[in-house]
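What follows is a set of notes on a single structure, which appears directly below.
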């Protein structure tokens, strides 16, 4: 026995078993998104371990597309925790005195991207040891919604559905009746643990308040459903009402179209009449009317004149009318020529 012990000492095997070791076993930890994960790493030192203490945590992401990356490091009595951007500010050592043998860490506000394999490495020369921990982040069921898919009428078929907005698989469902006899219909028992219950030939006894609980390994959520099975509605009356409403709507649309068309025709007619009136209006006749009034006034005085002085007066008076008034052709209808009656004498009396 002494020879064997001596042989082991010479080979250094005994010294190796007494060197630095991590006592925490490898394990898998499951936590919910948003929670804090505690990753343990306890170690012991031997008298032979005299070198500086170095502690290093690494992560191997679950997608296996990235190499192992350091997330936190203790070296030279200092802590460095800004190596991994995805965990910056969310990973911390749990102990204030790492030399006491506790290199455990906390990862706060867990995200799905934190899933992976974490490795704790402790080195104090000549001792070196490491352990791996598998971290799984799950999502609790939340935002669960219960509803009826179909018509809640006696004799009809419909479905009761329970749907969580989010939640990691696998999910477990449990239906319960909370009101009345709190006894589920016998035909539903086979579907009590499913997300959907198919109801056939519904009866008023099915009415009541139901609950659906959704669970997974990290949490649960619940929703309530009020089921009210009523007699069938008067479908013939609904159809007749729909038809009458449609006909009334069509009549109203026809009246509106007719009124709009009539109004447009009236506006078009008014525009055409107004345009015709403007074309028939003669142009201004300022100078022509002035000339006519001038001739008319002189014409009235001709009747009282004798033939002896008629010739001289006519030449003189007509020469005073501006020539430009006669050069412009009037557009209005021409007046009939004035008739001049010359005075004559009979039996010594002048007759006009």
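Cβ from N, Cα, C; glycine included.
The annotation signal peptide is assigned in TrEMBL to 1-19.
DSSP places the residues of the domain 'Ig-like' (33-134) in helix, strand and coil in these numbers: 9 helix, 49 strand, 44 coil. The domain 'Ig-like' feature in TrEMBL is assigned to 33-134 (among others).
The average pLDDT for the domain 'Ig-like' (141-228) in the predicted structure is 94. What TrEMBL records for 141-228 (among others) is domain 'Ig-like'.
Among residues of the same chain six or more beyond the transmembrane segment (236-260), none has a C-beta under 8 A of the stretch's C-beta atoms. Per TrEMBL, transmembrane segment is recorded for 236-260.
Marked as region 'Disordered' by TrEMBL: 269-341.
Taken from TrEMBL, the feature compositional bias 'Basic and acidic residues' applies to 269-282.
Annotation comment: TrEMBL describes 286-322 as compositional bias 'Polar residues'.
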